[in-house]
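TrEMBL has this to say about the protein:
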DOMAIN    134-232  domain 'Mandelate racemase/muconate lactonizing enzyme C-terminal'
ACT_SITE  Lys155  active site, proton donor
BINDING   Asp184, Glu211, Asp236  Mg(2+) binding site
ACT_SITE  Lys260  active site, proton acceptor
Amino acid sequence: MTYRFEFNPYQRQFRHPLTTHHGIWKVREGIILRLVDEKGRVGWGEIAPLPWFGSETLEQALTVCQQFPSQITSTDIFSIPAEFPACQFGFESAWDGLVTSNGEDEGESRIETEQISQSLTHASLKYSYLLPTGEAALTSWQQGWQQGDRTFKWKIGVTSMESELRWFEQLVQILPESAQLRLDANGGLTQHQAQQWLQVADQAGIVEFLEQPLPPEEFAAMRAMYDQYRTAIALDESVATLNQLKTCYQQGWRGIFVIKAAIAGSPTQLRQFCQAHDIDVVFSSVFESAIARQAVLNLAVELSHPHRAVGFGVNHWFV
Ligand SMILES: O=C(O)CCC(=O)c1ccccc1C(=O)O
Ligand SMILES: [Mg+2]
């Protein structure tokens, strides 16, 4: 079977830029893929790279697309090298969509409206609400609470530790008792700061986990901290791709794994690994648009830890 292959780069500005320890991110760039089989069935995919997290760049992804002929086979799709994890995800999920598609070409309208038509199964997931970075979190959590979210995520390691600790204490005071809070440092803390955060988190009781306190090179220190504190630790940047995830697992990581499936690589291989190992996973967004989000949420329904909210809590990312 051969498939007709088309691709279209896109650029979309966020309504709210994302501020993290890595800097300010304003525009999502990616590539929409379309496959059509000999029966006219259509499969859509999306490549949504995150180079500052260790995936390929948009330029590299474009080169992969340009090097394919306009008719491709599943062998082409399954031979994309692991150094292009966002491409592996985009092409495989487009191919997957073909297999399950009923022949209706619904993709155009999905891109146009951006509104994710959340299927019933996606409604069974719990969502984590991403708070704005800094002091703004103190007044914005209600929005998430009102739409039913009970898990909140807040970026730290962005400005002075003193200010962030002060805002954190205020946030702990005002959040309702049944709320849970995730702290995401994006690898931006020193070991001493990470220990301070874990101490206050242990006392606060509301913190579900501290995400990626140290840069990936400091794996051993994070593993040691995991044993020393009650608050759980989640790896994110350290496990951006499936190969990194496997390495951390083999090196004895038994804390939480954040999976950003859109940049993790082959969804088939990701599924195999998650089903073969009893790991505590949290699915999370890379601010992909509706096509990749749909594919990621399908995986999350299948593989997510039932008590862990998925990190897709805000639906108004694009202008
Ligand atoms: O995981 C979530 O809850 C929201 C998504 C998120 O924080 C994120 C989104 C895009 C890029 C990086 C990150 C991150 O987890 O650091
Ligand atoms: Mg993170």
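Each position is counted from 1, following the chain as shown.
Cβ coordinates are placed from backbone N, Cα and C, and glycine is handled just like the others.
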Lys155 (active site, proton donor) has its Cβ surrounded, within 10 angstroms, by a count of other Cβ atoms equal to 25
Looking at the recorded positions Lys155, Asp184, Glu211, Asp236, which have a C-beta within less than 6 Å of some atom in ligand 2?
Asp184, Glu211, Asp236
Taking only the recorded positions Lys155, Asp236, Lys260, which have a CB closer than 6 angstroms to any atom that belongs to ligand 1?
Asp236
So which other residues, same chain and not among Asp184, Glu211, Asp236, have a Cβ within 8 Å of the centroid of the Cβ atoms at the Mg(2+) site?
Lys153, Arg182, Leu183, Ala185, Asn186, Leu210, Gln212, Ala234, Glu237, Val258
Just jot down the residues in the same chain as Asp184 (Mg(2+) binding site), at least 6 apart in sequence, with C-beta under 8 A of its C-beta; none if empty.
Thr20, Lys153, Trp154, Lys155, Ile156, Glu211, Gln212, Asp236
Could you check what DSSP calls Glu211 (Mg(2+) binding site) once collapsed to helix, strand or coil?
strand
Using DSSP, break the domain 'Mandelate racemase/muconate lactonizing enzyme C-terminal' (134-232) down into helix, strand and coil residues and give each count.
54 helix, 16 strand, 29 coil
For the domain 'Mandelate racemase/muconate lactonizing enzyme C-terminal' (134-232), provide the mean pLDDT of the predicted model.
97
Among the recorded positions Asp236, Lys260, whose Cβ has the fewest other Cβ atoms within 10 Å?
Asp236
Counting every protein chain shown, other Cβ atoms within 10 Å of the Cβ of Glu211 (Mg(2+) binding site) number 25
